[in-house]
Amino acid sequence: MDLGDVVEMPMKVTEWQKTYTYDSGINSGINTSVPSLNGKMVIEDDSLAYPNSYTTVKTTTYTQQQNPDMESHLNMTRAQRVRAAMYPETVEDHSYLFSTQIEGQQTNVQKLAEPSQMLKSAIMHLINYQDDAELATRAIPELTKLLNDEDPMVVNKASMIVNQLSKKEASRKALMQSPQIVAAIVRTMQHTSDMDTARCTTSILHNLSHHREGLLSIFKSGGIPALVRMLSSPVESVLFYAITTLHNLLLYQEGAKMAVRLADGLQKMVPLLNKNNPKFLAITTDCLQLLAYGNQESKLIILGNGGPQGLVQIMRNYNYEKLLWTTSRVLKVLSVCPSNKPAIVEAGGMQALGKHLTSNSPRLVQNCLWTLRNLSDVATKQEGLDNVLKILVNQLSSDDVNVLTCATGTLSNLTCNNGRNKTLVTQSNGVESLIHTILRASDKDDIAEPAVCAMRHLTSRHQDAEVAQNSVRLHYGIPAIVKLLNPPYQWPLVKATIGLIRNLALCPANHAPLYDAGVIPRLVQLLVKSHQDAQRHAASGTQQPYTDGVKMEEIVEGCTGALHILARDPVNRMDIYKLNTIPLFVQLLYSPVENIQRVSSGVLCELAQDKEAADTIDAEGASAPLMELLHSRNEGIATYAAAVLFRISEDKNADYRKRVSVELTNAIFRQDPAAWEAAQSMIPLNDPYSDEMENYRAMYPEDIPLEPMGGDMDVEYAMDGYSDHPGRGHYADNHMMA
């Protein structure tokens, strides 16, 4: 645009105004139409009209001469209306401001004025911010002096003023940057006996604690011991400010956890669990979790102050989700402490946690599941868990790996040596659910192993054990179970599977399916491998190490015991014999492990029923070790040895049979005439199967905090940067991320 155009613009605008004065909603409050040349227009030409229809449109245009009063009024108010839209506070009479405004809508002038209003507002905020900052900066030295005054009234007034300043951003920043006034606030809070002053000073620290700079200032000024002292205040508002400030410090200030512990903060916090404000309790329990995580001493302090009882009480009595979640996290941390576990269980923790397994909150359900999982190995004798067991069986249909891990592990432990729980789970379709779980997660040891352990328990020593044994077969579980013996070997899973197969073999109807699934060659292969490993360590004179927590001798015992029960079936017995196992079984008679002596003599007792096998046993030189075992203190071993000797001596000469008869009489029947009967039953006397005596491991890690004060903060709980980190294996909680 050149200079000539700029000069001509006012002239063009004036000309336009003279001819189209009333055609704009900006200049007029009346509705207008397109002007015509003669003031009216009638469509009469057929060529311009639609066929068979006629329309008449009237348009009226006023000139300046026709309505001079209106023109004068509009010219007078134009500038005022723009000014009123831009700066409404300068106008006294607002009556004409809405002449063009339809109700609920802005005029064009008002829309155009919005940026200027926003700019004006920003300028005002900036002026106020600067004023607040300057005021606070000038006032801080005097306020510091007043806070240190000896007159309680002066101190009270000063604390009230500082409290007001701490509520505004600019003045709050100035306060945080003054170590002198923060120290004065802490000192005043610690020594005042006036409740109002205590409320004001704790409120100030609470306001400062929302900023990293404020947290550091409080920490350096010795604020933590003072805040811990305020936890004994009878004033609810003081308690709330103190606990929330400590919570922020624990979350985001390095060194705060140690400072709270040294100030006996835990001893002050645990009694606060008796309060009845759910939101206050949620913050308190989260503080306990932050302090207890990875610190055994803190866990013991919580125990010593009645923490487990208070936490269980909260889980039992409240419905506030955030409180239940934070409380369950504390219990989860404590549930891996050997001292706290029994206390939680005795306080009714299993029942209280089970109450929330059907909650709509996934994070609460998962915490409860992990805690139940960790506690379950010391809760095998607990009563009142029927509903929990049924829910856990239902949870086996979940697709969540964590849920399945917890549900299977808890069921495994709660069914260990507890006949009532075994029967209840069996009657609740537990066997079928566990089989489906194994089919879906056979490649996940964290799930498959406890699931197999639970099935091992369900198939032994309770009134519905036979029902469970048959149920495995009827739900096509045998092939899936036998496949778990395939390489690569996960020894804890292999050990549990061998024990389950032994129990399944107690049911004669399962022998054929087990045979068809190829269980005998797999067991023999495992037996040979594990025995060779055990012999290798014995030859080198080194103590046999555990492989994933399992000794090879345990695999030897398990495989031999399972083959012992399978050998009751003639077809299986012949298959075992054909795999050239007798030399190995005879060698196992020399084992120093009593349980291996028992199962090896037991399987030889079964094999000796066949003449060919009995001759092979004799040819392998079994008589000598069997004669020694006749004098074993274990009646089961002595009984099996006697039975084998009796069977292999049937074809011997009279002198040999007489000598064996004397040995048998002296060793067996002198003590118990029923021993021979026991040999036929193949159940060792007073010696429960060892796998049944073991609880499934209950060691799982606690939560691992994320980096504090970062972008990883949990969106569901703004002041808490945590994510759950469940895992398997032995618990190692002493590695916190600072």
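The backbone N, Cα and C atoms fix where each Cβ goes, and this holds for glycine too.
Since this is a predicted model, take the numbers as computed values, not measurements.
Positions annotated as repeat 'ARM 1' by Swiss-Prot: 128-167.
Per Swiss-Prot, the feature repeat 'ARM 2' maps to 168-211. Counting same-chain residues at least six beyond the ends of the repeat 'ARM 2' (168-211), those with a Cβ under 8 angstroms from any Cβ of the stretch are 129-130, 132-133, 135-137, 140-141, 143-144, 147-148, 152, 155-156, 159-160, 162, 217-218, 220-223, 225-227, 229-230, 233, 235, 237-238, 241-242, 244-245, 248-249.
Break the repeat 'ARM 3' (212-251) down by DSSP state and the numbers are 33 helix, 0 strand, 7 coil. Per Swiss-Prot, the feature repeat 'ARM 3' maps to 212-251.
Residues or ranges marked as repeat 'ARM 4' in Swiss-Prot: 254-293. Away from its own ends, the repeat 'ARM 4' (254-293) comes close to residues 215, 219, 224-225, 228, 231-232, 236, 239-240, 243-244, 246-247, 299, 301-302, 305-307, 310-311, 313-314, 318, 320, 322-323, 326-327, 329-330, 333-334, 702-703, 705, 720, 733, 736, 738 of its chain (Cβ-Cβ under 8 Å, at least six residues beyond either end).
The feature repeat 'ARM 5' is assigned by Swiss-Prot to 294-337.
Tertiary neighbourhood of the repeat 'ARM 6' (338-377): same-chain residues 299-300, 302-303, 307-309, 311-313, 315-316, 321, 324-325, 328-329, 331-332, 384-385, 387-388, 391-392, 395, 402-403, 405-407, 409-410, 412-414, 695-700, 716, 724, 726, selected by CB-CB distance under 8 Å and a gap of 6+ residues from either end. Residues annotated as repeat 'ARM 6' in Swiss-Prot: 338-377.
The annotation repeat 'ARM 7' is assigned in Swiss-Prot to 379-416. Secondary structure by DSSP for the repeat 'ARM 7' (379-416): 24 helix, 0 strand, 14 coil.
Positions annotated as repeat 'ARM 8' by Swiss-Prot: 419-460. In this model, the repeat 'ARM 8' (419-460) carries an average pLDDT of 96.
Summarised by DSSP class, the composition of the repeat 'ARM 9' (466-506) is 30 helix, 0 strand, 11 coil. The repeat 'ARM 9' annotation in Swiss-Prot covers 466-506.
Look at Swiss-Prot and you will find 508-547 tagged as repeat 'ARM 10'.
According to Swiss-Prot, the repeat 'ARM 11' annotation covers 570-609. Sequence-distant contacts of the repeat 'ARM 11' (570-609), counting only residues of its own chain at least 6 positions beyond either end whose CB sits under 8 Å from a CB of the stretch, comprise 511-512, 514-515, 520-521, 524, 527-528, 531, 553, 556-557, 560-561, 563-564, 616-617, 620-622, 625-626, 629, 632, 634, 636-637, 640-641, 643-644, 647-648, 679, 682, 684, 687, 690.
The repeat 'ARM 12' annotation in Swiss-Prot covers 611-657. Secondary structure of the repeat 'ARM 12' (611-657), assigned with DSSP and counted as helix (H, G, I), strand (E, B) and coil, comes to 34 helix, 0 strand, 13 coil.
Sequence-remote contacts of a segment are chain residues at least 6 beyond its ends whose Cβ falls under 8 Å from one of its Cβ atoms, and for the repeat 'ARM 9' (466-506) they are 422, 426, 431-432, 435, 438-439, 442, 445, 448-449, 452-453, 455-456, 458-460, 513-514, 517-519, 522-523, 526, 547-550, 554-555, 558-559, 561-562, 565-566, 568, 689, 691-692. Sequence-remote contacts of a segment are chain residues at least 6 beyond its ends whose Cβ falls under 8 Å from one of its Cβ atoms, and for the repeat 'ARM 7' (379-416) they are 345, 350-351, 354, 357-358, 365-366, 369-370, 372-373, 422, 424-425, 428-430, 433-434, 436-437, 441, 444, 446-447, 450-451, 453-454, 457-458, 692, 694-696, 698, 726, 728.
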